[in-house]
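For 1-40, 53-79, the entry in TrEMBL reads domain 'K Homology'.
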Amino acid sequence: NRIKEQYKVSVRIPQDSERSNLVRIEGDPKGVQMARRELIEMVQRMENERTKDLIVEQKFHRTIIGQKGEKIKEVRDKFPEVRFFSEPADYLTLLLLSMSFL
């Protein structure tokens, strides 16, 4: 919506069910060109992102988290894109690390 409003264009992205990768941009030629450039940049950034989930058994949580959470704070400071989740699963609590690599 931001691109539509900023460049005063109409953008049509096909539904997944259409099995098409054709994006239609209509409007003033200059706005279309600028919107196209920004959409291409967005796609290139997204193509470079990778996510990897690591499942860590509960017995290793203390090692990763550290006393009073100091190790996990250190990891978060160095790598702000890393997210930690703790989820119950049967009898084992899982610690998931999710990262986007650019």
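Each Cβ is built from the backbone N, Cα and C atoms, and glycine gets one as well.
Please treat TrEMBL annotations as automatic predictions, because they have not gone through curation.
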When you scan the chain for residues with a C-beta under 8 Å from the domain 'K Homology' (1-40), skipping those not six or more beyond its ends, what do you find?
none
What are the DSSP helix/strand/coil residue counts across the domain 'K Homology' (53-79)?
20 helix, 4 strand, 3 coil
Quick one: DSSP breakdown of the domain 'K Homology' (1-40) into helix, strand and coil?
21 helix, 8 strand, 11 coil
